[in-house]
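> According to TrEMBL, the transmembrane segment annotation covers 20-43, 55-75, 134-152, 158-174, 238-259. Feature annotation from TrEMBL assigns domain 'ABC transmembrane type-1' to 23-301. Look at TrEMBL and you will find 335-570 tagged as domain 'ABC transporter'.
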Amino acid sequence: MKITLRILSYLKPHWRRLTIAYVALFSALGLQLYIPAVLARVIDTGLTDGNMRYLINAALVIVGLAVLQGVFTFLRAYLFQYLAEQVGYDLRNELYAKLQDLSFSYYDKAQTGQLMSRVTDDVNNIRGMLMMSLRALVLAIGMLVVVSIILISYNWQLALVSLASMPILVWWSLKFGVTVRPMFAAVQQQFGVMTSVLQENVAGARVVRAFAQEARENERFEAELQTLFARNLRATKLWSFFFPSILLLSGLSLGAILWLGGYQVITGALTVGTLVAFNRYVTLLSEPLRWIGFIVNRIARAIASGGRIFEILDTKSAIQDPAGAVRLNPMRGEVTFEDVSFRYAGAKRDALADLSFTARPGETIALLGPTGAGKSTIINLLPRFYDVTGGRILIDGHDVRGLALADLRSQIGTVLQETFLFSVSIAENIAYGRKGASREEIEAAARAARAHDFISALPDGYDTKLGERGVNLSGGQKQRLAIARALLLNPRILILDDATSSVDSETEHHIQQALQTLMEGRTSFVIAQRLTTVKEADQILVLQDGRIVERGTHIQLLQNGGFYAEIYDLQLRDQEDVMRDALAGDD
């Protein structure tokens, strides 16, 4: 009941249109119920007495009533459709805004397909309820009450026969609703699973084809589809049994009425016109009874979907602006980690343990270590994608948990190893962090990122529309656009997550030039496996199992002969030799 009332609360801002819709609904209903009464008088007066003038007038009245009924029906249908679309619009907007607000920890355990199905299919189920079921429910109740009163006023004996099945129908409908609701919840859950498989397959299409696993993926999708089919079929079987049972009871009632009513006509206790009108009203009464299955079906689906939607809307983000948040604009860029520890939800050990270091404004900090050492965790904690579980992180002497999130993140630029570009123009991608940036500013950032030349060579230049994730650009080109995006943002703190690891030497050279421009005067955190950036860092932190095992400059760490020196001998010195050979070849 709570979910239903919460769904209906979305209609509150549109109460005027809702009121007009119900006025139109009941006006159309009133006209529909008046027509059989006119028909009874036509039969008993016009036909029996042979009064042609009465017949013509009655026919004109019926046509007029039908026209008016059509107008009110159109108005009712349009307004309920409008309200359903408006609530769908509001729900999707609210869901989308909530998804923007939720922290990374939520997405760590959420399935993309489940989220997608709630924004699409679940919202559609609620739209369907408001557009059809809610209207039909009120209409059914109104028709049942009014028609029952009319039947009793016509002939109480026939009315008792026609209404005798009502308690059974109400009981059976309520029982059906309680039984079918969890079935539809299971259907919606499985629809989300199927959507997740589909989304994952589309995103990983290159891997699937590279390993020739199309048949395997088909089997995987078919298995989830079969589960969805089975759950839908189970609910459909129950609904299919419910609907004929309603028709059976209605048929038995109609048969009894014809027998008893016919007897009363023969004995003179009832006129033919009254019996015809009575049968018409019983037919009208049977309509809402037939709707019950449809109404309960749609409402049960909507309640199941509403529960899934409100589950997201009621989730509190783990990362929120504190009361009285401090605004640092601009930052100086001093970053201090004080005894920082962090553990991901569900993990058995800390990803970081008692980590302490300070980066002064304008310094470059290189983070080095094997996979799982905690490098990515450090750069995720800095913009407060997660909150520390121990210790604190300070920027310009302020705990990041006390800073306004928008201010904090707008002054931290990020260039990741896997660059994400949107399916919009190149100019819009570069200006993503700076709303209202001029074309001159965009081009200046692109020039500084060594991206202007390749952009200008494209058919539409800066207005070139990119494919999904920038699929029509090379890896190096995408990286330079990411650097241009960060340059335009003009952040005080910069995060570079292995930005040159997957490009060739020539492209790396261009990117390194762009990075040098980007890092100038900014506090920079660099996760790198390439030689140049690491060697030039003001401070190198070597991590292992979430702890700093070594720190210092390139020269200091080589002299210490520890873990860093081993990494340098195994990997970085080889890179230096390759670069030296390449330069010698150019000479």
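Each Cβ is built from the backbone N, Cα and C atoms, and glycine gets one as well.
All TrEMBL annotations are machine predictions without curation.
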> So if I exclude everything within five residues of the ends of the transmembrane segment (20-43), which remaining residues of that chain have a CB under 8 angstroms from its CBs? That is, six or more out.
54-55, 58, 61-62, 65-66, 68-69, 72-73, 75-76, 79-80, 83, 135, 138-139, 142-143, 146-147, 150, 271-274, 276-277, 280-281, 284
> Same chain, outside the transmembrane segment (134-152) by at least 6, Cβ under 8 Å from its Cβ: which residues?
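Apart from its flanks, the transmembrane segment (134-152) reaches 8, 21-22, 25-26, 29, 33, 76, 80, 158-159, 162-163, 166, 278, 281-282, 284-285, 287-289, 291-292, 294-295, 299.
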> So what pLDDT does the domain 'ABC transporter' (335-570) average out to?
85
